[in-house]
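First comes the structure, then the notes that go with it.
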């Protein structure tokens, strides 16, 4: 009986653990999904952005008390404008997805939503971390030795 309880606990804890991408694995995933040069944004820019937003963590969440919104997932996409979490007042849901979709290990939906964000007039500047850590910097190290 104890063995079953331990096994059940291990399975439950494994199911809620985040996938944390390795830098090159993330770069290759982005490239396979058409992010290299998408709307003029380099692969290195995307990798830099994700490192500073979530440290490549698919389960990253950050609550913003000022507007009661939350940033979700590897790209830290905000519930005020881009997804629906059922909690954010006056949310727009421009990506047309539940915010929980941005927390999946399979980041296909997160990538599609990030593409939607970057098509907005603000473009990549919508991400504060990109402006603070990536803009006008040599980002070659973010994709070095990744084979992309």
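Numbering starts at 1 and runs along the chain as displayed.
Cβ atoms are placed via backbone N, Cα and C, with glycine included.
Annotated active site per Swiss-Prot: 53 (among others), in sequence order, evidence recorded as sequence analysis. For residue 53 (active site), the count of additional Cβ atoms within 10 Å of its Cβ stands at 22 [all protein chains shown]. DSSP assigns residue 53 (active site) to a helix.
Taken from Swiss-Prot, the feature active site applies to 71 (among others), supported by sequence analysis. There are 24 other Cβ atoms within 10 Å of the Cβ belonging to residue 71 (active site).
Listed in sequence order, 143, 145, 146, 147, 148 are the same-chain residues at least 6 apart in sequence whose CB falls under 8 Å from the CB of residue 24 (disulfide bond). Here Swiss-Prot flags 24-146 (among others) as disulfide bond.
Long-range C-beta contacts of residue 134 (disulfide bond), restricted to its own chain and to partners at least six residues apart, with a cutoff below 8 Å, comprise 45, 48, 49, 52. DSSP classifies residue 134 (disulfide bond) as coil under the three-state reduction. The feature disulfide bond is assigned by Swiss-Prot to 48-134 (among others).
As annotated by Swiss-Prot, disulfide bond applies to 83-99 (among others). In this structure, residue 99 (disulfide bond) is part of a helix by DSSP. For residue 99 (disulfide bond), the same-chain residues 6+ apart in sequence whose C-beta sits under 8 angstroms from its C-beta are 70, 72, 77, 79, 83, 84, 85.
Look at residue 113 (disulfide bond): DSSP puts it in a helix. Here Swiss-Prot flags 95-113 (among others) as disulfide bond.
The domain 'C-type lysozyme' feature in Swiss-Prot is assigned to 19-148.
Per Swiss-Prot, signal peptide is recorded for 1-18.
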Neighbour count first, Cβ atoms within 10 Å, every protein chain included; then name which of 48, 83, 95 tops the list of disulfide-bonded residues. 83
In all the protein chains shown, the tally of other Cβ atoms within 10 Å of the Cβ of residue 146 (disulfide bond) is 17
If I take the alpha carbons of residue 113 (disulfide bond) and residue 71 (active site), what is the distance between them in whole Å? 13
By a simple count, how many Cβ atoms lie within 10 Å of the Cβ of residue 113 (disulfide bond), its own Cβ left out? 24
